[in-house]
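One structure is given here, and the rest of the page talks about it.
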């Protein structure tokens, strides 16, 4: 195609969202309720950990960071989805699409790194309890948390900068629920063989985290099974059950989406998988960490009776 006759794309169109009168309203209400639950539930966990001194330890600090990330992670995509369900336009600007991809994947990578740190934390706590306080110090926790954010937000930057230089001349229809790397790259009016490089980078980062987490929990299970006391064994398992559940939910759906290379799924299955890691995994996080955790439930109950929370509401 003659470059002079190419029209530069300034916005993308989400073509697979239903019209407002064709079921969009029902989906809007459902998704809005889910989003509100995600924000409120994860905010309660975050505040409970910050306000309750009994939860000021590495494990709950990482849980609170993860809950904060879940709020940010979903806020990048769900409000745009809600807009697309009620709007006739269903569009996003080129810059807006790039920013959505950058923040969505940056928060996602950071979540994966935090989950990896949480697995290592539990490994040291259960497999080397006598040295836990010496190894997992507050300083190390701060360094690991800061490192996760830094690496998470730097990893995607070169790729997004490169994509911003690509020519997009049409079509501009994105067949996904939000802007994602591969669906957008396929719309570029140039050689997109770099998609394979992008797949390899994602595969390495995902598999590295999955390997570390899997090995940590396998070692934990081996050690716990050797504990003679049934009560101690049950307590040790209960502290890891929530982490393993979140790990399976998050990395299971992420692996289906980004570890398939050139394998294509049916369009409906693509959207279901996208919903799993973009909406459903964050939805279950507050349920798993609050309803299945006695200390967290106590902290949340105490939080609603706390004077600090009352003052916070008064200031708001």
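From the backbone N, Cα and C atoms, a Cβ is placed for every residue, glycine too.
So that you can see what the record holds, here are the features copied from TrEMBL:
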TRANSMEM  25-48  transmembrane segment
DOMAIN    41-289  domain 'G-protein coupled receptors family 1 profile'
TRANSMEM  60-82  transmembrane segment
TRANSMEM  102-120  transmembrane segment
TRANSMEM  132-157  transmembrane segment
TRANSMEM  200-225  transmembrane segment
TRANSMEM  237-260  transmembrane segment
TRANSMEM  272-291  transmembrane segment
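When the stretches 60-82, 200-225, 237-260, 272-291 are ranked by Cβ pairs under 8 Å to the transmembrane segment (25-48), first place goes to 60-82.
Contact between the transmembrane segment (60-82) and the transmembrane segment (200-225) is not supported: fewer than 3 Cβ pairs lie under 8 Å, counting only residues 6 or more apart in sequence. Per-residue pLDDT, averaged across the domain 'G-protein coupled receptors family 1 profile' (41-289), gives 87. Panel annotation: around the transmembrane segment (200-225), residues 109, 112-113, 115-116, 119-120, 122-123, 126-127, 155, 159, 233, 236-237, 240, 243-244, 247, 251, 254-255, 258-259, 261 of the same chain, lying at least six beyond its termini, place a Cβ under 8 Å from a Cβ of the stretch.
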